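Q: What Swiss-Prot shows for this protein is this:
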- 30-50: transmembrane segment (TRANSMEM)
- 51-81: topological domain 'Lumenal' (TOPO_DOM)
- Asn56: N-linked glycosylation site (CARBOHYD)
- 82-102: transmembrane segment (TRANSMEM)
- 117-326: domain 'TLC' (DOMAIN)
- 122-142: transmembrane segment (TRANSMEM)
- 143-159: topological domain 'Lumenal' (TOPO_DOM)
- 160-180: transmembrane segment (TRANSMEM)
- 193-213: transmembrane segment (TRANSMEM)
- 215-235: transmembrane segment (TRANSMEM)
- 252-272: transmembrane segment (TRANSMEM)
- 273-297: topological domain 'Lumenal' (TOPO_DOM)
- 298-318: transmembrane segment (TRANSMEM)
- 331-374: region 'Disordered' (REGION)
- 334-347: compositional bias 'Basic residues' (COMPBIAS)
- 352-363: compositional bias 'Polar residues' (COMPBIAS)
- Ser365: phosphoserine (MOD_RES)
Amino acid sequence: MAIRKKSSKNPPVLSHEFVLQNHADIVSCVAMVFLLGLMFEITAKVSIIFVTLQYNVTLPATEEQATESAFLYYYGIKDLATVFFYMLVAIIIHAIIQEYVLDKINRRMHFSKTKHSKFNESGQLSAFYLFSCIWGTFILISENYISDPTILWRAYPHNLMTFQMKFFYISQLAYWFHAFPELYFQKTKKEDIPRQLVYIGLYLFHIAGAYLLNLNHLGLVLLVLHYFVEFLFHISRLFYFSDEKYQKGFSLWAVLFVLGRLLTLILSVLTVGFGLARAENQKLDFSTGNFNVLAVRIAVLASICITQAFMMWKFINFQLRRWREHSAFQAPAVKKKPPVTKGRSSRKGTENGVNGTVTSNGADSPRNRKEKSS
């Protein structure tokens, strides 16, 4: 049995190709340094800032909750360290999904380079959207958002968060920050980088805005709603790559996308335009995290409306492009002539008829004239 040669040589250490091929292992080593730091008293004080959530407050038990105290959290500058650590975790999870799930499917399906990159993108995002949607829904149910929608604006500012709420926002920020180095690790094309930067920037802008302005209740509801619609799109695209005749998922996504934009505007106007506008405390106070002033409310609504308009504009262009491609694909099939059978009778029909009708010249052929004369 012949010895199989290696497909590629090992690149030099710390070279460009070495970092791309082994970035998950390198990041894992960096993350392990923070975890090992927890084992020693000297470094534990620094490592704990990166690994665990900071700024916790213990509220004493009340008469309604006489059994246990409540542990709540607020945000601060140390959250950047926590976001950095979980950004490393997101890079590791991204590499695991890519290597053990998506790459195996790609080898079986034999996609082209264009489909390969789009399949990887949809595979990663569909996993993230599904996980975030389930996690966010669990928080909504556990904190009674569904049974009492007024919690979106009641008792603002919402500067104190539960562990699940704060960890959710930290994870969201970490994931979208990890998308920046992934542009380098995944060898994203130069023409696709501007689109990706706008895409990532919009997520970070709105998630960080909801987190810093203490609009975490509204932000959570809108994220779950948006993630569900986006999950449906990317899972439909995955099915489309396996079977190009599959279109049902896109049709359902198109309807839910429009409804999602409408619900986003309704909830935003209801919360910011009516709920917070009628609140008694409308003074800017950084110490308590109260940003319920007219200028901030207008800025929040304007940013949401502009983003929704931008998404609808992209959606309309996407649908028009799909319709043009679909009509262009069907046009040759409509114009295509039926196959002509070879034979003497078919040639006579072609020569003597137009659109299936016999002409006068055909009826008065030389043979017919000979029969008449006889």
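Residue numbers in this text run from 1 along the chain shown.
Placed from the backbone N, Cα and C atoms, the Cβ positions cover glycine too.
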Q: The transmembrane segment (298-318) vs the transmembrane segment (193-213): three or more C-beta pairs under 8 Å (separation of 6 or more)?
A: yes
Q: When you measure from the Cβ of Asn56 (N-linked glycosylation site), which residues in the chain that are at least 6 apart have a Cβ under 8 Å away?
A: Phe71, Leu72, Tyr73
Q: Among 30-50, 82-102, 122-142, 252-272, point out the range having the most Cβ pairs under 8 angstroms from the transmembrane segment (215-235).
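A: Stretch with the highest Cβ contact count: 122-142.
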Q: Give residue numbers and ranges for long-range contacts of the transmembrane segment (30-50): same chain, 6 or more residues beyond its ends, CB-CB under 8 A.
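A: Here the qualifying positions are 78, 81-82, 84-85, 88-89, 92.
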Q: Do any residues of this chain, six or more beyond the ends of the transmembrane segment (193-213), have a C-beta under 8 angstroms from a C-beta of it, and if so which?
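A: Answer is 75, 169, 172-173, 176-177, 179-180, 183, 219-220, 222-223, 291, 296, 300, 303-304, 307.
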Q: List, by number or range, the same-chain residues at least 6 past the topological domain 'Lumenal' (143-159) whose CB is under 8 A from its CB atoms?
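A: Residues 74, 165, 214-218, 220-221, 267, 270-272, 275-276, 279, 281, 288-292 contact the topological domain 'Lumenal' (143-159) from elsewhere in the chain.
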Q: On average, what pLDDT score does this prediction assign to the topological domain 'Lumenal' (143-159)?
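A: That region's mean pLDDT is 89.
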